[in-house]
Amino acid sequence: SFCFFSSRSSAKLIAPLGCLVSRQKHTLPDLPYDYGALEPHINAEIMQLHHSKHHATYVNNLNVVEEKYKEALAKGDVTAQVSLQPALKFNGGGHINHTIFWTNLSPNGGGEPKGELMEAIKRDFGSFASFKEKLTAVSVGVQGSGWGWLGYNKEQGRLQIAACANQDPLQGTTGLIPLLGIDVWEHAYYLQYKNVRPDYLKAIWNVINWENVSSRYATCKK
């Protein structure tokens, strides 16, 4: 295949190189707030390690796996492609999930959502209190590591709660569009809450960024 450029100057040099480096590498997104901004609910040490170490590792590993996958595709090596898929799912999911998670949180969060999202929550769960109780229960009940999610079922036009194991991405594994994710891996809370996951889940509601969740809901309804 050929790459074409509108600029004639240096096209001879750029074209082959452009074909080779056309895939952009994934990068660690900046947090929209300081590491200590969610205290006392989630402390700065957790946020720093979670973002700069854990999420960064998923990003780095995803880039490595994608390079290997690209090579396997070029060689037509289906066995290698299949063998790389678990790592692609794990690291790709880790990157997708955390990128959503950081925006789902805010130092100005907490309280209850407003507008269309609140109406949909009342319609699909009976009340905000009932929704909060159900998402908390699903998140507490994740065995080992994973996530609790509020997602949108586009086909049925309704909100749904789901749990995903490990770093399985919600949309890629269930078809639900992610609106709000709660990370229940121990690295998300252990330094502060030890093994008492329910205490962490009680606290996280104080920093949920309902503006972000509402914006995601409005976008996926279009």
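Cβ from N, Cα, C; glycine included.
Keep in mind that what you see is a predicted model, and the values were worked out from it rather than measured.
Database features (TrEMBL):
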DOMAIN    25-106  domain 'Manganese/iron superoxide dismutase N-terminal'
BINDING   H50, H98, D183, H187  Mn(2+) binding site
DOMAIN    113-216  domain 'Manganese/iron superoxide dismutase C-terminal'
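Where TrEMBL records a feature, it is marked here on the structure.
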residue : record              : Cβ neighbours (10 Å)
H50     : Mn(2+) binding site : 23
H98     : Mn(2+) binding site : 24
D183    : Mn(2+) binding site : 24
H187    : Mn(2+) binding site : 13
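For the recorded Mn(2+) site, residues H50, H98, D183, H187 set the reference point as the centre of their Cβ atoms, and the other residues of that chain within 8 Å of it by Cβ are H51, H54, H55, F101, W185, A188.
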